[in-house]
Amino acid sequence: MAESSYSPVEEFLYRKELYGEIEPYSSGHLKVSDLHTIYWEQSGNPSGHPVLFLHGGPGGGTSPSNRRFFDPEFYRIVLFDQRGAGKSTPHACLEHNTTWDLIDDIEKLREHLGIPEWQVFGGSWGSTLALAYSQSHPDKVTGIVLRGIFLLRKKELDWFYEGGAAAIYPDAWEPFRDLIPENERNCFISAYSKRLNSEDLETQYTAARAWTKWEMMTAHLHPNEENIKRGDDDKFSLAFARIENHYFINKGFLPSESFLLDNVGKIRHIKTTIVQGRYDVCCPMMSAWDLHKAWPEAELKVVADAGHSANEPGIAAELVAANEKLKYALKTTGA
């Protein structure tokens, strides 16, 4: 694993506790196309160093707790709900909803807020989007923090949705599996796509609940009941499941399987930390390891006692510390 470029003394001094709860100082909706409008908000220091939080899913939306990874006195914290997710409209909409649309939206938001460049922070699907955005606009990115690496390759999708992770969570897998008739189980992503795009809304909701619960039940090393209950929220589940499935069946709209690895050279120079839970079942460590091998300059932090979620104590601690390192670097360079 990559050696830290910071001294052991500095490493010991970096804060690892989440910051306190804060409220946005501004928020709004930005019309990014004839169809889509995205919700955005800013919190922290209006004159601080801008940082962009990219949520997971896709389709997961943001939440107030996302603000807590950043020092509100130093950072100007920008959150937004990607197309079809959270408070963005139209809800759960798949039309004109691709990775490249989201990258264009990020640029429109950056320009709308008058931000010349910013730090980028993303986990799970947020790590995919962070890599794709940073590779498209490396001159706009001052630093990157990634968590639970997802490169949207077939082997990653097969692991989670076609029976691999079922070996660890057979009890959670069976309800997901059993919704699909045996003659359609050769590809669960396709079988769920059919139901999530059904003309019958109740069929959509039933599939969305099953899809969402499967992910929520596997996202933590220790089961998190509050997280699992999100699968019962029809509004959340519909966007989460429909948008995820749409992206996955289209292979993330990436031109090739290895696209994000092949383009690491464009961002190699950007200070980056990768945080990965050792027992991440949703996005297994193989992807973080492959990214680390392609990009040894980025620091890899493996959390020994964690799964996938950013809210697990060990992962949250390393994410805060990674932001603190970038803060320290910005302060010492006067940026």
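Just so you know, glycine gets a Cβ as well, placed from its N, Cα and C.
Whatever TrEMBL says is automated annotation, not expert-curated.
Taken straight from TrEMBL:
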ACT_SITE  S124  active site, nucleophile
ACT_SITE  D280  active site
ACT_SITE  H308  active site, proton donor
DOMAIN    50-312  domain 'AB hydrolase-1'
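The 10 Å shell around the Cβ of H308 (active site, proton donor) contains 26 further Cβ atoms across the protein chains shown. A Cα-Cα distance of 4 Å separates the residue listed as 'active site, proton donor' from the residue listed as 'active site'. Here S124 (active site, nucleophile) is positioned 10 angstrom away from D280 (active site), judged by their C-alpha atoms. Summarising the environment of D280 (active site), the number of other Cβ atoms within 10 Å of its Cβ, over all protein chains shown, is 28.
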